[in-house]
Amino acid sequence: MITSFLAKALGRNIVITVAILLALAALVPALNLLTAPDHPLHVPTYIVSLFGKYLTYALLALALDLVWGFCGILSLGHAAFFALGGYAMGMYLMRQIGARGSYGNPLLPDFMVFLNWKELPWFWQGFDMFWFAALMAVLVPGLLAFVFGWFAFRSRVNGVYLSIITQAMTFALLLAFFRNDMGFGGNNGLTDFKDILGFNIQSNGTRSALFAASAIALALSLVVTSGIVRSKYGKILVGVRDAESRTRFLGYRVEHMKLFAFVVSAMMAGVAGALYVPQVGIINPGEFEPANSIEVVIWTAVGGRGTLIGPIVGAILVNGGKSVFTAAFPEFWLFALGGLFVLVTLFLPRGIVGTARQFFERRKEYRKAKAVEEARAFAAAEPQAAE
Amino acid sequence: MSIKARATGALLAAILSTTAFHGAFAADDTIKVGILHSLSGTMAISETTLKDAMLMLIEEQNKKGGLLGKQLEAVVVDPASDWPLFAEKARELVSVNKVSAVFGCWTSVSRKSVLPVFEELNSILFYPVQYEGEESQRNVFYTGAAPNQQAIPAVDYLMENESVERWVLAGTDYVYPRTTNKILEAYLISKGVKPEDIMINYTPFGHSDWQTIVSDIKKFGSAGKKTAVVSTINGDANVPFYKELGNQGVKAEDIPVVAFSVGEEELAGLDTGPLVGHLAAWNYFQSVDNPANAEFIKTWKAFTKNDKRVTNDPMEAHYIGFNMWLKAVEKAGTTDTDAVLDAMIGVSVPNLSGGYSTMMPNHHITKPVLIGEIQADGQFETVWETPGLVVGDEWSDFLADSKDLIADWRAPMSCGNFNVATGKCGGKGS
Amino acid sequence: MHTRLIHRFLQCLLVALCLMATDLRAADDLRSMVNALGGGSFQQNQKQIEALAKTGDPKIVPALEALAEGDLYLRKADGIVFIVRPAGANFRLIDALTGDDLGEEAKAGLEKVKVNNGLRRTIRGALGGLTLMSPDVNVRLQAAGTILRTPTADALDGLEIALAAETDGAVKAVLEKARAAAILVSDRPVEEKKAAVATVVQTGGRDSLSLLSGALASADESLRPDIEAGIRQIEDQLSLWAGAQNIWYGLSLGSVLLLAAIGLAITFGVMGIINMAHGEMVMLGAYTTFVVQAYIRAAWPGLFEWSLAIALPLAFLVTGAVGLVMERGIIRFLYGRPLETLLATWGVSLILQQAVRSIFGPTNQEVANPSWMSGAFELGGLTVTWNRMWIIVFSLAVFAFLLFLLKKTPMGLQMRAVTQNRRMASSMGIRTPWVDALTFALGSGIAGIAGVALSQIDNVSPNLGQGYIIDSFMVVVFGGVGNLWGTLVGAFTLGILNKVLEPYAGAVLGKILVLVLIILFIQKRPRGLFALKGRAVEA
């Protein structure tokens, strides 16, 4: 009964996806930890951490879909929120190293020691506590999105102008975090993590737990976004996307609508970043690269913009493809990836999920139409026969 | 029915099948060597050459009969100048392809990114590029120069031969220049240079507009004292930097620039006519005249089928590292990581500058230091070299926090950051 | 009387004989001194060169010049030093003193006499002293300049003789200054030094500052105030010029931004295509230049000075053709879906990068500056490099050309018509698909010729385009999409802003500040500097 209620609130596809994600969250760690390495069903740790990473990417793409797919805000700076969340988590992990760093300094991370920092800068305070870091991973991106969105949406910065200034934002952050004077480890970023919440970050158990956490976070976010999208508010968002001025003339405060979606999306991206960092073991300014944000847009577009499930499929597919191609054709994989983007835009303009959905709908419509036609033909045949 | 599930399933299958595919080759008839250099993205410009060099070395070794009676097989992947991807690819090389050793990385951040992977999976990485030091890891062998094998001798040369009194330390704002400049600053001050005679300047990656900085250098150099520039500017930004120097008429005779990241490869993209006399400090130059090097250059040109291809210092580092690894594997009789790690220390192989390089217990190697001046043909001419070999010093003596640290990976100590003042191995947190 | 004459005659004879003997001995000495350069260390050679310079014999000039150029070689067999010229696999030997051709010799038997900066500097000083009396004005000018850069007290006598004999005004001015510089390091009386300080201060400039600060360290008390006042005076002048210098650098950076962005102003600004492959068009233009130069070097070396002029139309054609193919093959299916053009062109950009990497290799390619693009000239207190200046001129020329094309030609009219109202234009009989294709090809072609110019100041590598793409978008958006003038003003504003901030904030922070200012500016004017007005804007 609960299922049927959820299905109504969320849509059947979402429920199925959430169920799959939750099943994966339970099954994959179990298969990794409980089966012997030579068991046919064993999932190697390599796959666990790889797919754990993909799931965080999927969460990032989902976050972008909320603003781009449903609200028409093409953010070319979403990786910035992801990276900020990552940095918050990275700072916690750095503080956890404690005196186990190269120089054995109990308070200062290694990079601060050899750049002669004498005390911990104020913005590093509190990050030794997990709850604080976790809070910051959500709050900092949210706050940045709020400030940025507040100004941008109030000034009615739109379309490509908005895209370009989000790009300027992530580029400025890239340069800022790149500076060693900022106190975030410069180009090397934060690395050499030892443990998280007391568990060794390299152990299979921790990896499996992180995988499960990523899957669950993705499932939860899917429920939340789906809830937003299907609510009355969601309908207005789509209205904003399709005809902003008209929605405004109808009396809605468009900028508030947009701001809310933007902030929620940035927070989701922050969570994704926070889950990403312990799984890859490093966070550095490279994550702010404008190219990374563009890639997120591409995952979303490949999977299908405005479908919620599409971005997840897109992120996993494109990144999986990248993983396979960079090993299988190290010299030519860019041709494959570039070709994929061109072909998808040309032949699957709604993305994979969008196109599939369209196909099913068309078939349904076709059947319906056919049934109607047959009925009509039948109806038309009757009087003829009577004549 | 979710498409996602299907897609994921298909992808999983694809990955597993490539795993199986590679696995089939992992049968014991070859020894696999991983090559982890970016073939696309910003670092491809430097790293692709190293991939080719490794392929050549492996091919040559196979012609000589391989290793332990087996053929060597190179596994090439492309980490695409994407630092987290380096970690993913390293893990793939070690745990999926089962390589015996990996040769790779260029930037410090890529090395930092893969370190935990090599530590966790207990495999071996050979890192061929000059770097900032302040690191010694059990699973990594550093065949490039530490700061004392490059920076300090270069500064000494300029002080003695050019009587330089005023210094511009210009670098890209990342860890290698920062650390090198800190070490140099401390060193120069210990030599009696006044702090106001040192100017430090940092620029972003790929900086291409050098007008202001070059004119600042000219300004700084017009204080009546002999001035030199120590450049730790990173690869790509060097071409516009040198073009601006040449055009603004900064001549080597007036303000020499000594660089630690400019080799034959970087100069290949430049008209070096206006740059004659600017310097670089390395452990190897293509112009070094000896039979081993001549042979190496010949093989390289034949392998790349390009008569204009140049050789450079990181290539030599791979040459040394690869030969050391071969020797250690032969000594150990196996490619098993622990045995090879033990066998590596003390291994001595010929380098290309006409001597021998030895792997020290701190996982750094001994090297000669050469100072060369840029010539009009894009090559360097050695104008000075250290009389003997210099041992790589991983923990600099000129930084307050690292001067008490040493690394020794031999049996009882087995520590990468042993503090001689406290008598404890710092990394173990005791 | 008679005896006196005879006496005088004998005296002369004796002197003449002596002179001949010394001459012979000197020639002998010279040869052994030159030969001694072969085996010496840098320090020994330095002394040797100083000794050679003291002889004052112009015969040693070619040998010293060859040494500085690295063309002086030692024959290992007999220790004789020769000047060499490459002759196939061998060297052609030239006598170091007489300049006689002595035939060819295998390279293996010869060893280069090494030279370093210190030696080159010494040689330059020596040559300066030796060539001060040369009949060639340019040589004299160079010699005077050399002494000015490395003044020594020894050079003073020679300078004064040369000054007395000098007729050319320009050379004379440099000689005067060189003399003053030499006086400052000599032991001449204080009055003379004060006059010298005045001379140096009067000429001004960065090198004068350098001379004075150098002299300050060793000056005695009575001279110090003069020098210090002089330094202050020059510094004041220079700080005035520094402002101008920053503006100039800003203009130069602005011209680079303009070049990088102007093609995008067409494809993105006018057509609305988010063209992520724009940077790659610039890169293709730069590679065209490389290919043209390589071809010219191999086939007609004489044409090298013209290589850029030849590359320009070719780059336009090559990138224009690539643009045409892109438009016909991909972009025309995407009109009305601007965001999707981002995806497709991003894919194209990856493919183009990798294609160039596969064809030319990942390393930098050498694109040389023709001589008219190299070096710098002084304009008051400004150092203006020729390449930067020509790039400013070129960027403005390209802008003017484009403006003319769009505003004054039938084709431009059609382009504007199609972008403003496609259906109306179509109804008027304009073949809109072809106009689209040509417009995109034009934008790409312009990006290509920008690549020709940028190859002169930047790396020619597959990553070239990536470095400019973000800046280009910033410029177009800042200036206002769809307005060429906006792009012009935007590029120069951002360039100057960047360069004015850089000395205070540093390169990294300066750039961050500029980005933040762009973000804030867009809040104020959400459609850029020169916004299009009217109803069409919303669409």
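Every residue, even glycine, has its Cβ placed from backbone N, Cα and C.
Note that the structure is a prediction, hence the values are computed from the model and not measured.
Per TrEMBL, signal peptide is recorded for C:1-26.
Within the chain carrying the transmembrane segment (C:247-274), a Cβ under 8 angstroms from the stretch's Cβ atoms is held by residues 281-282, 323, 331, 334, 338-339, 341-342, 345, 382, 384, 388, 391-392, 394-396, 398-399, 402, 415-416, 419, 436, 439-440, 442-448, 450, 453-454, 457, 468, 471-473, 475-476, 479, 481-484, 486-488, 490-500, all 6 or more beyond its ends. Annotation comment: TrEMBL describes C:247-274 (among others) as transmembrane segment.
Only residues 6 or more beyond the boundaries of the transmembrane segment (C:281-300), in the same chain, are considered here, and those with a CB under 8 A from a CB of the stretch are 260, 263, 307-308, 310-311, 314-315, 318-319, 322-323, 352-353, 356, 360, 365-368, 444, 447-452, 454-455, 458, 460, 462, 464-465, 468. Look at TrEMBL and you will find C:281-300 (among others) tagged as transmembrane segment.
Sequence-remote contacts of a segment are chain residues at least 6 beyond its ends whose Cβ falls under 8 Å from one of its Cβ atoms, and for the transmembrane segment (C:306-326) they are 267, 277, 281, 284-285, 288-289, 292-293, 296, 345, 348, 352, 370, 373, 437-438, 440-449, 451-452, 456. The transmembrane segment annotation in TrEMBL covers C:306-326 (among others).
Taken from TrEMBL, the feature transmembrane segment applies to C:338-356 (among others).
As annotated by TrEMBL, transmembrane segment applies to C:389-406 (among others).
The transmembrane segment annotation in TrEMBL covers C:433-453 (among others).
Annotation source TrEMBL lists transmembrane segment at C:473-497 (among others).
According to TrEMBL, the feature transmembrane segment maps to C:504-522 (among others). Counting same-chain residues at least six beyond the ends of the transmembrane segment (C:504-522), those with a Cβ under 8 angstroms from any Cβ of the stretch are 474, 477-478, 494, 497-498, 528.
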At a C-beta cut-off of under 8 Å, are there same-chain residues at least 6 beyond the transmembrane segment (C:473-497) that contact it? List them, or none.
246-247, 250-258, 260-262, 264-265, 268-270, 272, 399, 402-403, 406, 419, 514-515, 517-518, 521-522, 527-532
Long-range Cβ contacts under 8 Å made by the transmembrane segment (C:338-356), restricted to residues 6 or more beyond its ends, are 272-280, 283-284, 287, 322, 326, 330-331, 462-463, 465-466
